[in-house]
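**Q** As listed in Swiss-Prot for this protein:
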type	residues	note
ACT_SITE	Asp146	active site, proton donor/acceptor
BINDING	Asn7, Glu382	Mg(2+) binding site
BINDING	Arg89	substrate binding site
SITE	His178	site 'Transition state stabilizer'
SITE	Arg239	site 'Transition state stabilizer'
Amino acid sequence: MKILVINSGSSSIKFKFYDLKIQKCLASGMIEQIGDEVSHSKIETCDGKTIEENMEIRTHDEGIVILNRYLKETGVLTDLKEIDGVGHRIVQGADYFEGPALVDDDVITKIEELIPLAPLHNPAHLSGIRSSLRHAPCLPNVVVFDNTFYHNIPDYAYMYALPYKFYEKYRVRKFGAHGISHEFVTKKGADFLGIDYKNFCVISLHIGSGSSISATKDGICIDTSMGLTPLEGLMMSTRCGSVDPAIIPYMKRVAGYLSEDIDTIMNKKSGLLGITGTSDFRKVLERMHKGDERAKLAFDMLTYQIVKIIGSYYAILPRVDAIIWTAGIGENSAELRESVSKRLAHFGVGVDETVNVNCIKKPTDISSQNATIKTLVIPTDEEYSIAKATERILLSLKK
């Protein structure tokens, strides 16, 4: 099957086009800064053909038109009918969906209903879906949700100790995020180690501009660090992570902030950016190596928070077969992996310094010789997961 995967963000469209029959990504690209006077668009094919342009792209609909044009101009396909289906990443499906779903009016309505839970993401996802349906109405579209991996988390783990009516009326509970990535790397990790996924106990770390940690027991996720929104949990590039909620009324009272101001600060002006002035972890490391105390503080805060969550998940799992690092920082920062691992030595965690530093873009065991818990680095591939999930839905329709 040939599957087009679309990740439609608030001002961007990222895409990959797969031929799953030969297990190959034929093309990938992005359309950025949608709505700006000058937008950027690019496609690159597996055989090296590239188109890159700067122009005004006012809407996601115009972006989808450009995407379709690029697929034809690069020779990846001659007609959109060659595509078997389109898969869309959806951040928030709440408890409406237990897995991927074929797009119909009911699915669209439910994604719309969940906009209050994901006001930045779900409207953009809907724009991508509607544009895809408008320009290629003959193609089936499938939605793959970022939080269905957490569908089996027990109620005592996903509930907040707030009035129960908050949950009943407003769906206030933990939903999590990055589930597509966590599911991909945990399955990949079990396969890499030769362990049956249904007997695999693992702590997975998706550490990037957004970061989350999940605990998976016997192939079922039992807890994750993000909550009702992606703000909860670890400090991130621009998000504060978990803080005392009383900070909000306190800052309103003593500094005159509005709720909207604090929401923006906590999501877009905190985390690494709030502590150091930069959201780029690479620059944080550079500054730390030059003696910048704020950069060192941010690094130590992140290390501490990761260690603390791993420790709490170690306590709720019957055992830990592996710790898996993934995503932009997790895959590329040997220094952070080493710092965290040293603080977990009493659990039996350790990394081989040489292998850790020379880790390349493939699943790698970086454990030290004496470690009793495996430490793996596994590059995530959310788009491939979405493509495979889309394929499964489409094949089920043919039965």
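Every residue, even glycine, has its Cβ placed from backbone N, Cα and C.
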**Q** Round to a whole number and give the Cα-to-Cα distance in Å for the pair the residue listed as 'substrate binding site' and Asp146 (active site, proton donor/acceptor).
**A** 7
**Q** If you count other CB atoms within 10 A of each CB, which of Arg89, His178, Arg239 wins among these recorded positions?
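**A** Within the set of recorded positions, the most crowded position is His178.
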**Q** Between the Cα atoms of His178 (site 'Transition state stabilizer') and Asp146 (active site, proton donor/acceptor), what distance do you get, rounded to the nearest Å?
**A** 6
**Q** So of Asn7, Asp146, Glu382, which of the recorded positions has the fewest other Cβ atoms within 10 Å around its own Cβ?
**A** Asn7
